[in-house]
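Chemist: According to TrEMBL:
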- 45-482: domain 'Major facilitator superfamily (MFS) profile' (DOMAIN)
- 40-58: transmembrane segment (TRANSMEM)
- 110-130: transmembrane segment (TRANSMEM)
- 142-164: transmembrane segment (TRANSMEM)
- 170-188: transmembrane segment (TRANSMEM)
- 200-221: transmembrane segment (TRANSMEM)
- 227-245: transmembrane segment (TRANSMEM)
- 315-334: transmembrane segment (TRANSMEM)
- 340-362: transmembrane segment (TRANSMEM)
- 369-388: transmembrane segment (TRANSMEM)
- 394-417: transmembrane segment (TRANSMEM)
- 429-451: transmembrane segment (TRANSMEM)
- 457-477: transmembrane segment (TRANSMEM)
Amino acid sequence: MAKNEIQINGELEKFMPPAKEEQNVDIVEKCMGVMGRWQILICVSVFLCKLPIAWHQLNIVLLAPPTEFSCAENMTEKCSSNCSDIVFDRSIFTNTIQMEWNLICDRSQLVNFAQTITMLGILIGNFIFGLLSDKFGRRNPLIWAVIIQLISGTATAFAPWFWLFLLLRFISAAATGGTMVTSFVLVMEITGIKWRTTLGILYQVPFNVGHLSLALIGYLIRDWHYVQLAITLPSLLLISYYWIIPESPRWLLALGQPEKAIKVMEKACRFNKLETSSITEDVHIYMKKHSIEQATGTFMDLVRTKSMRVKSISIFYNWVVCGLCFFGGAQYMGQLGGNVFVNIAMSAVIQIPGTIFSIWFMQSIGRRYTLMGSDFLAGLSFLLISFVPEDAHWPRVLLGTLGMFGLSVCFPTVYIYSGELYPTVIRNIGVGTSSMFARVGSMLAPFVAGLASYQPWLAPAIFGIVPLIGAALCYYLPETKNCVLPETLEDAEKFSRQRKGSVAPGLDSTIQFEARS
C-alpha cells in the first residue's frame with residue numbers, strides 16, 4: 001500500500017498520470033493540464049463579474065448614506081408632526097433615496113429594509129441559480145444572470161416609486177446572487193489542484209477592488225440615479241461571456257456528456273499548446289469506470305447521510321458568521337463617524353491583505369485551521385470591544401480592524417471549503433445553499449448593528465460570540481487541502497470515511513484518497 005501511494009504521489013506531481021486504469025484520476029486535470037493560458041483567460045474573464053457583484057451588494061452606502069436634514073420652520077424637533085417642510089443637507093450628496101422618498105424619522109427603517117431586500121434577493125438568487133446551474137450547466141445560467149442584472153439594474157435608476165425601486169432591486173440582487181455562485185463554481189472546476197486555492201482566493205480580490213472603487217464612484221457622482229447607472233452599465237462588457245466562457249467539462253462528464261466535454265478540453269489543450277491525441281481515449285476509459293446513474297443531485301442530498309449533515313450544518317453556520325459579522329461589523333465600524341468616502345475606502349482596504357494572506361494560510365495550515373483561526377480572531381476582537389469604554393476611540397477602532405481582518409480571511413476560506421466539500425453532482429446546490437445562509441446573516445446584520453444605539457456593548461458582543469461558535473464547529477469538518485474534487489455522492493462519502501481513519505505518515509489527503517478509493 002505504501003509503495004502504491006508513493007507512486008501515485010509522484011504521478012500527481014506531474015499532474016498527468018499515465019495509469020489509465022486508476023479509477024479516481026482527475027480526468028479533467030489529466031487531459032488539459034493544471035494551469036495554462038486557457039485557464040488564465042477564462043478565470044480573468046470570470047473575475048470581472050465580481051466588480052458589479054460588489055457594487056450591487058454594497059451600493060446602499062452611496063444610495064442611502066447618513067443624511068442630515070432640518071425643519072424649514074426652524075423647529076427644534078425636526079420629526080415633529082408640526083414640521084411641514086423638510087430641508088435636506090445637499091452639501092455632500094445632491095440626491096439620495098432618503099431625499100427622493102422622504103425616508104426619515106418614522107420611515108427611516110425603510111432604508112434598512114431596502115438593504116434587507118437586497119440580501120434576500122441574493123439569497124434567492126444563490127439558491128435558484130445553484131439549482132439551475134446543476135441542471136443546465138455553469139455557462140448558460142451565468143449569462144442569463146448577467147443579462148437580468150443589466151436590465152433590472154438599469155431600470156432601478158429610473159424607478160419613480162419606492163415600491164418599484166425595491167422590486168427592481170430585488171430582481172437585480174437575485175441575478176447578482178446567480179453570478180456569484182455560478183462564476184465561482186466554474187473557476188473551481190476548470191482549475192487544477194495546485195492552483196485551486198490560489199485562484200479561488202484571488203477570485204475574491206475583485207470584490208475588494210469593487211468595494212474600494214465605490215469610494216471613488218461616490219466622490220465623483222453625488223446623485224443616486226447616476227450612481228446606479230455607473231455601477232450597472234459596465235455589465236454590458238460581460239455579455240461577451242456568450243462567446244468567451246465555455247461549459248465546465250467536469251459538469252459535462254458528471255452529466256454523461258463526454259463528447260461535449262472532449263470538445264471543450266481539446267480546445268483548451270490547443271490553446272495551451274498541449275497534445276490532444278489521447279483525450280478521447282482517456283475520457284472513454286474514464287467514463288466506463290464511473291457510474292453516472294446519479295447524474296444530478298437534490299437539496300436533500302446535502303443532509304441525507306450523517307456525514308453530509310455534519311459537514312453541511314458546520315459549513316452553513318460559518319456562512320452565517322460571514323454574512324452577519326462581516327456586513328454587520330462593517331456597518332458597526334461605520335457608525336464611528338468621519339468622512340464617508342474615507343470610511344468606505346478604509347473598510348475595503350482592510351479586506352485586501354486578509355484576502356491575500358488567506359492564500360498562505362490555507363496552503364500552509366489547511367482549510368480547517370485557517371477557518372477556525374480566523375473565526376477565533378474575529379470573535380475575540382469584537383467581543384473585547386464590549387469591555388472597552390466608549391470614549392476609548394482608538395482601541396475600539398483597532399479591535400474592530402482586527403475583527404474585520406479575521407472576517408476577510410473567513411470569507412474566501414469558506415468559499416473554497418464549500419466548493420471542495422461537495423461533489424460535482426451537488427456542488428452548485430451545496431455552494432448556493434451555503435451562500436444562502438450568508439444572506440440570512442447579512443439580512444440580520446443591519447438590525448444587529450443598530451443594537452449599539454440601545455446598549456453599546458450588545459452589538460459587538462453578538463459579533464464576537466457568533467464567530468467563536470463557528471470556530472468550534474470547524475472541528476467537525478474534514479481537511480480538504482490538495483484533495484481531488486469528489487465527483488459523486490459516493491466519492492464524498494468515501495472521503496469522509498477515510499478522513500476518520502488512520503493517516504499514513506508523510507502522505508497528504510490527496511494521496512490517501514487516490515490510493516484507497
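The backbone N, Cα and C atoms fix where each Cβ goes, and this holds for glycine too.
How buried are the listed features, and what sits near them?
Modeler: Summarised as a single figure, the pLDDT of the domain 'Major facilitator superfamily (MFS) profile' (45-482) averages 85.
Remote same-chain residues near the transmembrane segment (110-130) are listed as 56-57, 60, 63-64, 97-98, 101, 103, 141, 145, 162, 165-166, 169-182, 323, 327, 428-433, 435-436, 439-440, 442-443, 445-447, 450 (criterion: CB distance under 8 Å, separation of at least six residues from the stretch ends).
Beyond its flanks by at least six residues, the transmembrane segment (142-164) meets 49, 52, 56, 97, 100-101, 103, 110, 125, 129, 132-133, 171-172, 174-176, 178-179, 182-183, 186, 225-226, 228-229, 231-233, 235-236, 238-239, 241-242, 245 of its own chain at Cβ-Cβ distances under 8 Å.
Sequence-remote contacts of a segment are chain residues at least 6 beyond its ends whose Cβ falls under 8 Å from one of its Cβ atoms, and for the transmembrane segment (170-188) they are 42-43, 46, 49-50, 52-53, 56-57, 117-130, 132-133, 138-139, 141-142, 144-146, 148-149, 152-153, 156, 196, 199-200, 203, 232, 245, 248, 415, 419-420, 427-428, 431-432, 435, 439, 485.
Long-range contacts of the transmembrane segment (200-221) within its own chain (CB-CB distance under 8 A, at least 6 residues past either end) are made by residues 43, 46-48, 50-55, 58-59, 61-62, 65, 183-184, 187-188, 191, 227, 230-231, 340-342, 344-345, 347-349, 351-352, 355-356, 358-359, 362, 408, 411-412, 415-416, 419.
Outside the transmembrane segment (227-245) by six or more residues, the chain places 41-42, 45-46, 48-49, 51-52, 55-56, 59, 62-63, 139, 142-143, 146-147, 149-150, 153-154, 156-157, 172, 186, 214, 217-218, 221 with a CB less than 8 A from a CB of the stretch.
Sequence-distant contacts of the transmembrane segment (315-334) (same chain, at least 6 residues past either end, Cβ-Cβ under 8 Å): 61, 119, 343, 347, 371, 375, 378, 382, 397, 400-401, 403-404, 407-408, 410-411, 414, 417-418, 421, 433-446, 448-449, 452, 459-460, 463, 466-467, 469-470, 473-474, 477.
A Cβ distance under 8 Å defines the sequence-distant neighbours of the transmembrane segment (369-388), meaning residues of its chain 6+ beyond its ends; these are 318, 321, 325, 329, 358, 361-362, 395-396, 399-400, 402-407, 409-410, 413-414, 417, 457-458, 460-461, 463-468, 470-471, 474-475, 477.
Packing against the transmembrane segment (394-417) from elsewhere in the chain are residues 184, 196-197, 200-201, 203-204, 208, 315, 318-319, 321-322, 325-326, 329-330, 332-333, 336, 347, 350-355, 357-358, 361-362, 367-368, 370-371, 373-379, 381-382, 384-385, 388, 431, 434, 460, 463-464, 467, 477, 480: each is 6 or more residues past its ends and has a CB under 8 Å from a CB in it.
Within its own chain, the transmembrane segment (429-451) is flanked in space by residues 112, 115-116, 119-120, 122-123, 126-127, 129-131, 133-134, 177, 180-181, 184-185, 297-299, 301-302, 312, 315-317, 319-329, 331-332, 335, 414-415, 418-419, 421-422, 458-459, 462-463, which lie at least six positions past its ends and keep a Cβ under 8 Å from the stretch.
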